[in-house]
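Peer 1: TrEMBL lists 9-108, 112-211, 216-316, 321-420, 425-525, 565-676, 701-800, 816-905, 907-1014 with the feature domain 'SRCR'. Among the features that TrEMBL reports, disulfide bond is placed at Cys46-Cys107, Cys149-Cys210, Cys180-Cys190, Cys285-Cys295, Cys345-Cys409, Cys494-Cys504, Cys633-Cys643, Cys769-Cys779, Cys885-Cys895, Cys939-Cys1003, Cys952-Cys1013, Cys983-Cys993 (among others).
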Amino acid sequence: FLSYNGARIKLVGSTLCSGRVEVFYNNSWGTVCDDYWDITDAEVVCRELGCGTAKRVLDSDYLDEGEGMIWLDDVSCLGNESSLTDCPHNGFGIDNCDHDEDAGVTCASEKIKLVGSTLCSGRVEVFYNNSWGTVCDDDWGIMDAQVVCRELGCGTAIEATSNANFGAGNNDIWLDDVSCSGDESSLTDCQHSGFGIHNCNHGEDAGVNCTDSARLKLVGSTQCSGRVEVFYNNSWGTVCDDQWDIMDAQVVCRELQGCGTAIEATSSANFGAGNNNIWLDDVSCSGNESSLTDCPHRGFGIHNCDHGEDAGVNCTDGARIKLVGSTLCSGRVEIFYNNSWGTVCDDDWGIIDAKVVCRELGCGTAIEATSRAYFGAGNNDIWLDDVSCSGNESSLTDCPHSGFGIHNCNHGEDAGVNCTDYARIKLVGSTLCSGRVEVFYNNSWGTVCDDDWDITDAEVVCRELQGCGTAIEATSSANFGAGNNNIWLDDVSCSGNESSLTDCPHSGFGIHNCNHNEDAGVICWKRHATSLYIRHTIKLQRQATEFYKGMQCFYLCLPAVITGIKLVGSTLCSGRVEVFYNNSWGTVCDDYWNIKDAQVVCRELGCGTATGVLDSDYLDEGEGMIWLDDVSCLGNESSLTDCPHKDLALTCKVSTQFCTPFLISLYKNGASIPSQETHGCQETSMTLTLPRVTPTDEGQIKLVGSTLCSGRVEIFYNNSWGTVCDDDWGIMDAQVVCRELGCGTAIEATSRAYFGAGNNDIWLDDVSCSGNESSLTDCPHSGFGIHNCNHGEDAGVNCAKSFELCHLCLTDYARIKLVGSTLCSGRVEVFYNNSWGTVCDDGWDITDAEVVCRELQGCGTAIEATSSANFGAGNNNIWLDDVSCSGNESSLTDCPHSAKSFELCHLCLTDGARIKLVGLTLCSGRVEVFYNNSWGTVCDDGWDITDAEVVCRELGCGTAIEATSRAYFGAGNNDIWLDDVSCSGNESSLTDCPHRGFGIHNCDHGEDAGVNCTGETNF
């Protein structure tokens, strides 16, 4: 969120719409003082964040104290401001407060409410399509009520009411035939007949009675020791220490979960006196109660105490767990033991251990077990080493390990995890990497409208999802099915450099002119498919060349791949197997189909293990194509398409543009494909068919990592993929790999599992290439499977990515926008050749303007065609002149106009970069520079925000937020190239700044410098 004065705003707390208010100003986050803070100020905050209306203001009793600057004080909003920083205040950084006066808010962002006698009993209503409506009582039961009570924070359900027990509503009836399993997080996640589809009247409105159970927290030094407070009647209050003892404390510690057993029941406000209500007195627990409020007591609010008698507890602080990193569900693993947090060593750390962590945190399943301080090095104790989970444990500390605090590690070996639920974006469809795009906002998932949706937007999605490779298609028109919740984004227009889809320009959350038939989707090119197709891609690229009068044009054909898998049946994890290929779903023939094939399918879909195979007697027959036959899996493949099967033709679409007449001829295996002779500026497409490559050839090679041409080296041998040991691994070996893959020349031979450790066989060791070999397996080595290594020694490469033919002729895909005062009035600009440019007013008239208004959609008809830079002069290219529309064209670029000056759109993936960031995103990480044919780090001596500013600008990552030190993003393991960097801020490159000289330093990798940049953003 961005508001005036360059300030942004966020809430730090338990949800996106409740917590401590912080604003971003002068490159840092700071808090707001609660002097004069009231509901009107809170209203502005909630509206600015898109969190509805304000429910209440929060003071320091309900909030953790902030750190750093206090940016605002004496805020006095009128209530109609669009941003908190628009409200009158003392001025940024001018205050007379400290952090125990930090202000906060709770906003009413719920999509469900109860209309009745109390907050936790009444008629159920849900918010949909901008209005509240009721729920019909057909099939309404206690499980449905349970979901409602939990969603509202009202404890458990004691009754599901029917027949308009709480009175009849008078608006829409939104839900009917609701059937919850009881585990859903929201009522609208339960099965139902569809929004607005029912056979009811308001005499059948459903309701609930919830227990309205109190909640519990400790206010003190740690999460498991402090003053006891309970939540009742919409506010927190304390417990009097009359008769307070160890049995009462035992109930508290158990109720809090993860806090072990009680070791002390404290009295006399040992953890400080509260200042709100005293809710409980004369508590007398037996010790078996599940909640403190179940224990006998005088009654809520009945007491003869003051806050000098507030009760507290000390629990054993049974080990707890958290992730320190970019999100709640990805980061460095830390556990709480002996009153402090500490890390876990990565010795023997694997995916099974990561699964236990993800499950314990409620973060879904594990995607990756990271090592070597991937998420940065910790700086406290190392609590666990040699962890060896079976996968069934409920907590990481239940797994076998060497003992708390017993280890032989340093923080460069800190372990981490990536879990499935770490993102605020997901794909709903056949696989993790293809489906309908949904984003999480305002506590609910919603779709993205396909207006202006294109491959650049899809690229951002695939990259954000991690492990999904690159985008090969941006789908529209609800290709993966229509959603049924909110439509959160429309008119998305990514530049391609954003780290998250929500960082891209868009019309605003919830602002759209779409329906769910326009839901956008993506198909990403998963990494495991890379090695199967890259050689055909490069081979075809070399063949698809023609010369005309000295001009050379190249055509890159990206083969279609099988990108999706799903089960069609009664559940997500049982049914007929279908795969998505060539833009349609098709079935799999059951010839040779057995439990090993089923095992691969179940694992790929995240559905556990296979319990059996189904044949046609148990299935409805499919329709359309049968895509696969004679599938014969070993059982360890990561995808069904990796299994051996009959050859499958791959269809490639070749598109290009050209301005001079010439003959296109493409050849494949000596057979000429029919040529097309074309004249003038136009686009042409043709279809080629290639045989499918399957990973069955001994010695086949692939890279597992961040791009097609950088990653961990793996070879295929004895029907499985395996790694290469880094003993004697050098630049000549890397050269052979890069050339074999068609990735140009090698710029780096990496070692020590730089791209992550593999988990299968180690096939090669002691590789010693001369550099002239055509394949890595032709080089001398110790023999397949003969080695003295572990996966911490896996070898990798970074290739220059400069294909011999790196020109990619792109299609003339023009877009249009108005630059001016509103969305529907302004200077006309079109997008061509990767940049925006203007239109000359020669011949410009109302007919041309009519085409523009119609193309923009939602802008009605033209009332004026302006000229002479009426909306200000542009400063980029002038793309069009002498436009002469008839008025019937669907796009301005379809109108006759003077010829564009054609330029080949060279997209060369060369080794041009001399700086990169190694870390969480493209715009935050450890700074590395390329010098003397290798990458190296920068020492943090003298490193500051001015140096970081140069880095961020050089990378096109916006401005610097932070200059990090002490290997914040993890320690490097190669050379340290720069030290004592001292930029003035005006340099165009980091290496232009004064420094000691390349390779001259007095540092170690614990001092590696890094940066956090804002990322390139357009508002």
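In case you wondered, yes, glycine gets a Cβ from its N, Cα and C as well.
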Peer 1: Any idea what the Cα distance is from Cys885 (disulfide bond) over to Cys107 (disulfide bond), rounded to a whole Å?
Peer 2: 51
Peer 1: Do you know offhand how many angstrom separate Cys643 (disulfide bond) and Cys779 (disulfide bond) by C-alpha?
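Peer 2: The Cα atom of Cys643 (disulfide bond) is 28 Å away from the Cα atom of Cys779 (disulfide bond).
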Peer 1: Just to verify a number: CA distance, Cys633 (disulfide bond) to Cys993 (disulfide bond), in angstrom, no decimals.
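Peer 2: Cys633 (disulfide bond) to Cys993 (disulfide bond), Cα-Cα distance: 56 Å.
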Peer 1: I'd like to know which of the disulfide-bonded residues Cys885, Cys1013 has the most other Cβ atoms within 10 Å of its Cβ.
Peer 2: Cys1013
Peer 1: Which number gives the other C-beta atoms within 10 angstroms of the C-beta of Cys952 (disulfide bond), all protein chains shown included?
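Peer 2: Result for Cys952 (disulfide bond): 25 other Cβ atoms within 10 Å.
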Peer 1: At least three Cβ pairs under 8 Å linking the domain 'SRCR' (907-1014) and the domain 'SRCR' (321-420), pairs spaced 6 or more in sequence?
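Peer 2: They are in contact.
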Peer 1: Taking helix as H, G and I and strand as E and B in DSSP, count the residues of the domain 'SRCR' (9-108) in helix, strand and coil.
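Peer 2: When I sort the residues of the domain 'SRCR' (9-108) into the three classes, I find 20 helix, 36 strand, 44 coil.
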Peer 1: Which whole-number value in Å describes the distance between the Cα atoms of Cys779 (disulfide bond) and Cys409 (disulfide bond)?
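Peer 2: If we compare the Cα positions of Cys779 (disulfide bond) and Cys409 (disulfide bond), the gap is 36 Å.
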Peer 1: I'm trying to understand the geometry here, so how far is the Cα atom of Cys180 (disulfide bond) from the Cα atom of Cys149 (disulfide bond), in Å to the nearest whole number?
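Peer 2: About 13 Å separate the Cα atoms of these two residues.
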Peer 1: Round to a whole number and give the Cα-to-Cα distance in Å for the pair Cys1013 (disulfide bond) and Cys504 (disulfide bond).
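Peer 2: One finds 16 Å between the Cα atoms of these residues.
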Peer 1: How big is the gap, in Å, between the Cα of Cys983 (disulfide bond) and that of Cys504 (disulfide bond), rounded to a whole number?
Peer 2: 30
Peer 1: Under DSSP, the domain 'SRCR' (816-905) has how many residues in helix, strand and coil?
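Peer 2: Taking each residue of the domain 'SRCR' (816-905) in turn, the totals are 14 helix, 24 strand, 52 coil.
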Peer 1: Select the closest residue to Cys993 (disulfide bond) from the following disulfide-bonded residues, measuring between CA atoms: Cys46, Cys210, Cys895.
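Peer 2: In terms of Cα distance, Cys993 (disulfide bond) lies closest to Cys46.
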